[in-house]
Protein chains: 2
Amino acid sequence: MKPIQVGLLGIGTVGSGVFNVLHRNQEEIRRRAGRGIEIAMVADLDVERARKVVGEGVQVVNDARAVIANPDIDIVIELIGGYGVAKALVLEAIAAGKHVVTANKALLAVHGTEIFAAASAKGVMVAFEAAVAGGIPIIKALREGLTANRIQWLAGIINGTTNFILSEMRDKGLDFAVVLKEAQRLGYAEADPTFDIEGVDAAHKATIMSAIAFGIPVQFDKAYVEGITQLSATDIKYAEQLGYRIKLLGITKRVERTDATGKAVGGIELRVHPSLVPAKRLIANVEGAMNAVVVQGDAVGATLYYGKGAGSEPTASAVIADLVDITRLHTVDPLNRVPHLAFQPHTLDQAMSELPVLPMSEVVTSYYLRLRVADQAGVLAKVTGILAGAGISIDAVLQREADEVGGEGSTQTDLIILTHDTREGTMNDAIAQMQQLPTVLAPITRIRKEELN
Amino acid sequence: MKPIQVGLLGIGTVGSGVFNVLHRNQEEIRRRAGRGIEIAMVADLDVERARKVVGEGVQVVNDARAVIANPDIDIVIELIGGYGVAKALVLEAIAAGKHVVTANKALLAVHGTEIFAAASAKGVMVAFEAAVAGGIPIIKALREGLTANRIQWLAGIINGTTNFILSEMRDKGLDFAVVLKEAQRLGYAEADPTFDIEGVDAAHKATIMSAIAFGIPVQFDKAYVEGITQLSATDIKYAEQLGYRIKLLGITKRVERTDATGKAVGGIELRVHPSLVPAKRLIANVEGAMNAVVVQGDAVGATLYYGKGAGSEPTASAVIADLVDITRLHTVDPLNRVPHLAFQPHTLDQAMSELPVLPMSEVVTSYYLRLRVADQAGVLAKVTGILAGAGISIDAVLQREADEVGGEGSTQTDLIILTHDTREGTMNDAIAQMQQLPTVLAPITRIRKEELN
């Protein structure tokens with residue numbers, strides 16, 4: 001049988017990986033897929049560079065639309081990135097009846113609903129294993145491996161750049177800005193690292209996983225997003241002393257409880273922020289640029305998936321797995337294929353109305369608070385009095401000697417408090433009150449804490 | 001559309017889990033599968049107990065063949081276990097045109113070739129996610145998630161009973177026999193624990209993964225199998241001091257090298273035995289009855305999969321995932337389905353001839369050796385002389401003070417040696433020579449060591 005014909009839009013780092021791995025492992029891949037898979041045409045603005053990667057025998061053009069228009073092409077891989085031209089090209093490829101493979105998390109997190117609807121209407125597949133956690137087959141695990149389960153929550157280290165920075169901050173006791181520069185020098189962080197360090201990239205990925213886990217549409221605009229730029233080496237050190245590591249987690253959780261007034265609060269938490277995680281958890285020990293996702297299902301319990309979340313060939317591994325899936329399934333009646341977002345598309349809207357994404361003020365979690373306070377009697381009583389008044393219960397308090405914190409003769413010290421589960425809105429109010437105390441000398445640091453059990 | 005009709009053979013721990021989870025999560029599962037999934041008929045020798053689990057509305061019989069003969073049944077789940085009647089029933093179900101889901105690792109590791117051939121001839125699926133590592137979707141990851149890769153090796157903690165025992169031995173400094181009794185009392189080990197503690201269960205699972213990873217037939221008879229019954233608390237303690245944990249690993253590895261005579265040695269290592277693993281590896285920190293598998297692919301690098309490897313609902317999670325897959329795919333042209341063993345079946349035999357399972361003597365790994373020796377000058381020189389003569393290079397030596405090992409005034413001590421990579425046959429010869437030394441006072445302990453990098 002003739003190899004399935006693939007057109008590649010954008011042949012940078014990941015695209016080169018796809019081409020190279022497909023070529024190197026073509027025999028194994030053919031033995032799995034039952035049919036060869038061949039990159040027949042490549043579009044890239046830099047035709048010279050593209051030509052160097054693919055050699056002769058593959059058509060190279062600078063116009064992506066020429067690939068989409070080619071009637072011999074069965075599958076289009078979109079590796080351009082971003083929301084702009086990539087969106088137009090993906091929709092055009094779908095309209096032309098091509099199956100699409102993409103690694104574009106931003107595009108799917110923001111425009112997934114439109115794209116999947118167009119694909120369903122046209123009867124083509126849009127596959128995106130590479131969009132979340134690189135080479136880890138987490139999309140397949142969530143969409144197919146855990147179908148028996150009512151997913152309760154998932155939490156992931158899904159941005160390698162920030163995990164590398166946090167690992168370095170902890171190992172070397174350095175502050176964020178210093179490590180970021182080093183990461184940029186080593187190529188672990190981009191020249192403009194905003195999407196990574198502000199948590200946006202992780203939120204794109206968490207949004208996609210949230211949809212697949214709970215059967216709701218992608219809703220990036222409802223995600224709470226907080227990056228790691230405000231983290232200090234001090235807090236990492238205190239967390240360590242309390243038995244925790246600080247990780248940037250993408251978290252999504254199904255919530256079924258009643259609020260203070262007795263009203264049922266059903267919904268989905270969707271949030272990215274730095275989190276204290278018990279040091280003994282496996283995910284707390286995921287270091288450097290590695291990724292890992294923990295998924296809690298009601299039948300299976302906790303499962304964890306770990307691997308490289310970025311890079312040329314790890315990401316190519318996921319792109320090619322999608323190519324093999326499509327090669328196996330493209331002749332199948334579209335109704336029998338695996339739904340794009342794991343659940344039958346006609347059920348998503350009702351689920352969204354039953355499981356709205358909750359505002360951050362309704363999230364319930366526990367907290368690490370650090371207060372820079374005057375080293376004098378009665379401070380702890382005032383602070384804990386405010387917490388008690390708000391109904392916030394305390395799990396642990398760590399008060400440092402003033403000398404240790406500010407040097408000999410210091411009149412300031414750090415008060416660290418771990419709380420039990422509290423509604424974020426309640427915690428916001430309590431922090432505002434504590435901040436008013438004359439003995440609280442600096443902005444209060446608040447980091448959320450997840451026990452993940 | 002009418003729910004897909006499932007017949008269940010054997011409703012013990014796992015069968016009850018399947019029934020309960022299918023019932024509890026029926027709406028979510030229907031939203032994923034696009035069609036309801038219904039246990040319509042159950043066969044169990046204990047009809048009373050079965051009736052208590054399923055209640056009214058489900059037909060309960062004591063004759064498995066009545067389920068297979070029922071023309072309304074689309075899928076048969078085999079949860080009887082063992083090679084005997086289970087094999088006959090699976091083959092009869094296939095002959096009757098039923099798709100089969102099984103958790104029976106022993107059956108597939110030993111008779112998989114015959115069963116998959118029968119299924120292919122009849123155009124039905126045999127799915128077995130639950131046969132390896134319980135609820136962890138490792139079969140799907142290997143078979144579909146990592147299809148881009150030339151798999152290099154995989155290593156797994158795939159028997160919860162032995163991992164529980166090893167964790168307890170290490171935590172409490174107890175010897176094997178003591179902990180086994182405790183594990184039996186707690187229900188973590190069966191009354192007859194032979195298959196678990198002798199490594200047979202892990203070898204069944206490693207055999208299945210080996211076939212899927214490398215595209216070869218299942219070859220349980222070629223697996224090297226060594227259990228944990230000879231492990232002592234002493235070796236666990238020494239390993240710890242050297243920075244290692246001892247785990248029972250199922251390992252399968254692709255080998256491409258030349259032997260001492262320059263001849264190419266291509267093949268597959270397939271082995272289960274206790275292994276030293278660096279304590280800093282994630283898999284070394286998998287404790288208690290949990291399972292984990294590390295897979296090394298040439299494109300993706302190392303990925304790890306972690307979760308519960310046994311139990312009612314974790315195993316049910318895997319069984320039901322297979323039911324959903326079959327529900328989605330049963331109308332598909334069999335040639336377009338995912339092959340049972342990941343690779344097109346007509347390619348397996350040639351791969352077996354190119355990649356034979358190597359005898360244990362040809363395996364290359366590193367070693368931990370513990371020699372109980374006379375505490376006198378010259379012993380270390382003699383031992384290391386034998387190793388040097390065999391071309392075995394030493395990575396580390398740990399010599400204990402005699403007083404520490406045998407109490408005050410002791411004339412014996414322990415000599416612990418870590419080696420670099422060595423052919424097992426070479427190591428066997430060297431151990432035989434060292435054992436002849438008059439200053440070596442007890443049988444030499446040899447535990448293999450895997451760096452897993």
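Cβ atoms are placed via backbone N, Cα and C, with glycine included.
Copied over from TrEMBL:
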type	residues	note
ACT_SITE	B:K205	active site, proton donor
BINDING	B:L9, B:G10, B:I11, B:G12, B:T13, B:V14, B:G15, B:S16	NADP(+) binding site
BINDING	B:K105	NADPH binding site
BINDING	B:E190	L-homoserine binding site
DOMAIN	B:368-449	domain 'ACT'
- [ ] Work through the binding-site residues one by one (B:T13, B:S16) and point out the residue whose CB has the fewest other CB atoms within 10 angstroms.
- [x] B:T13
TODO: Compute the mean position of the Cβ atoms of B:L9, B:G10, B:I11, B:G12, B:T13, B:V14, B:G15, B:S16, which form the recorded NADP(+) site, and then list in sequence order the other residues of that chain whose Cβ is within 8 Å of it.
DONE: B:L8, B:G17, B:V18, B:D44, B:L79
Task: C-beta crowding around B:E190 (L-homoserine binding site), within 10 angstroms - done: 13
Open item on the list: Looking at the domain 'ACT' (B:368-449) alone, can you tell me the average pLDDT?
Closed with: 94
- [ ] Taking the Cβ of B:K105 (NADPH binding site) as the reference point, list residues of the same chain whose Cβ is under 8 angstroms away and which are at least six residues distant in sequence.
- [x] B:F128, B:A131, B:V132, B:D201, B:H204, B:K205, B:I208
Task: Secondary structure content, the domain 'ACT' (B:368-449) (per DSSP, counts of residues) - done: 29 helix, 29 strand, 24 coil
Open item on the list: Please identify, among the binding-site residues B:L9, B:G10, B:I11, B:T13, B:G15, the one with the smallest Cα-Cα distance to B:E190 (L-homoserine binding site).
Closed with: B:T13
Open item on the list: If you count other CB atoms within 10 A of each CB, which of B:G10, B:G12, B:G15 wins among these binding-site residues?
Closed with: B:G15
Task: CB within-chain contacts under 8 A for B:I11 (NADP(+) binding site), separation at least 6 - done: B:F19, B:V42, B:D44, B:R49, B:A50, B:V53, B:V54, B:L79
- [ ] Could you tally the C-beta atoms, other than its own, that fall within 10 angstroms of the C-beta of the residue listed as 'active site, proton donor'?
- [x] 25
Open item on the list: Among all protein chains shown, how many Cβ atoms are found within 10 Å of the Cβ of B:L9 (NADP(+) binding site), not counting that one?
Closed with: 25
Open item on the list: DSSP secondary structure for B:G12 (NADP(+) binding site), reduced to helix/strand/coil, please.
Closed with: coil
Task: Same chain, 6+ residues apart, C-beta under 8 Å of the C-beta of B:V14 (NADP(+) binding site), given in sequence order - done: B:L79, B:A103, B:A130, B:S312, B:T315, B:A316, B:V319
